[in-house]
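Notes follow once the structure below has been shown.
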């Protein structure tokens, strides 16, 4: 609806603009009143007036024409509304108020009229006849420019029907106004014959212009030549324009008369020549004058005896011409206004058609909307009725549910009271039972504490018994170790006693054999000394010498036996101490193992695996350490064996002594051990210088040959290690006596000699290994 109001307001505005351009003052006032009323009525509603209101205010004849005509859209003239309104106001102020049936001038006429009055008020203008016809004064330059623009303007051509209607209505008053129309040449041919009105002019006949001065009308001379009958062509399209009409109609009569008289007096008094052809071709206003003007001109040239008669005739002609011109202009204005009204009516019809179509579309849309609203209202009513029924059912259900709930709550309250009484009785009974159970639990806790104390006492007694058992086991192991030691010592003692007995037997046999050999040697010496009588004192000397040597050797043997017993005692003590230390270490390790096993946690797969790894690592380390110890022992024993082998190679060369008397109380094993020990000690101790040549001599002598008795060194007595005895001679004497070569003394065979040497070497190695272990 807003768009319809806007469009109606736009249509009214266009109508007012067109009426201001082309209509009369009455219709303009009517449309302005309609617009003002629409503006006052639409100020509250926010829009312009409706087309119905504007149509009601129009005149009745306008409404009839509005219903029959069609609308024509304006051709780009909407922007001239303000200018046309201003021109209309100016025209209303300048022109007198016309009557009811009088036509008002158009916008272009009012504009030209206002320009004319502005020029009159600006200052005195030069007379039109005072200037040259060919000149171009500056006073009429604005009118010339307006005419120049009119040449390029649009020419309004009317339809034949409208022209015939206007001619039928106004044909009696203006029969000669269409004489020279270019649009309707048949009218011009029919109206060329009427005679001029008015009395025939008296006086001399006026002459026309000379042939060398053609009637050429320029554009700037149009304003002065408009009222001249020679230059008027009413059918020309240029004279049909509004500005030309305003110049023809609105010039004051006094000014026109003065101008016409001045022009007429200045014309030459000659007969008019036929019009030059150039007159028709120069300028838009160059056309033939009408016959009613040409007639008086011919009469003026023929008969004008005096100037006054001529002037009177001219005045009558001018008045008639002005009257005809006014009638023609009025008819033209009526024709133009009717054409403009027809165009406006067409535009109004088109706009009304468009408004009616919009109204019909709006009505259809509103009918559709109303139908849709009706259907939606019906749907909503049905939905509301359905919801009301549903709400009623729900309310009934709610009431029934509330009633049932109230009855149930009452029943539940009664049942709950009974249940509460029962629960109270049950809770009292349960409290009594709970008190009984608590007393029983207190008794059981006391019994459990007694049981726990008893268990602790039993565990303590068990731990004490286990400790006593462990200590008893340890003591038992120690006693068993002592028993084993005693048994081993007894076995060793028995073995030593057996060895001593065997050694004593061997020594007895050797002693007896040596005594026998000694006796044999003495007998040989006697037999050898008898032949030589001269040397009677030599046997005595040899006997004394031998007795001294024997005594020295016995002393040496005694000293060696003492040393041997001392070292044997030390060896036994050291061996016993070593055995005791080994047993103590074994018992400590066993006890440690038992404590570890006892205090170890319960075995688990992971802990057993870790313990297996740890025990394996410990065993591996123990084996490595044991291997290292054994390797060191082997190296030491190898070194001792090498030393003993060297000494054994040296010992046989020193066994060059006579018969020895071994001690009966010294076992043979101890002798061998003492000999080995003495030989081993002799490596570290410093030997006497006197023993060096004897040892070197024995080293050079071969083992197979019998060695003769070496000369005895000087007696250099020195104390032994323990200081018990004093011996003369080197300490190697015992080993030499124990390691005597059987071939040199007893004459044994080679096999017996090697067997005895092997047994002596084996005993030495065994004893030395034991001594090295003890010392380590």
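Glycine residues also receive a Cβ, built from the backbone N, Cα and C atoms like all the rest.
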Range annotated as region 'Disordered' - as stated in Swiss-Prot, picked from 169-215, 310-356: 169-215
Local backbone state of residue 408 (ubiquitin cross-link), from DSSP in three classes: helix
Cβ packing number for residue 408 (ubiquitin cross-link), 10 Å threshold: 10
Integer Å distance between the CA atoms belonging to residue 347 (ubiquitin cross-link) and residue 408 (ubiquitin cross-link): 87
DSSP three-state assignment for residue 347 (ubiquitin cross-link): helix
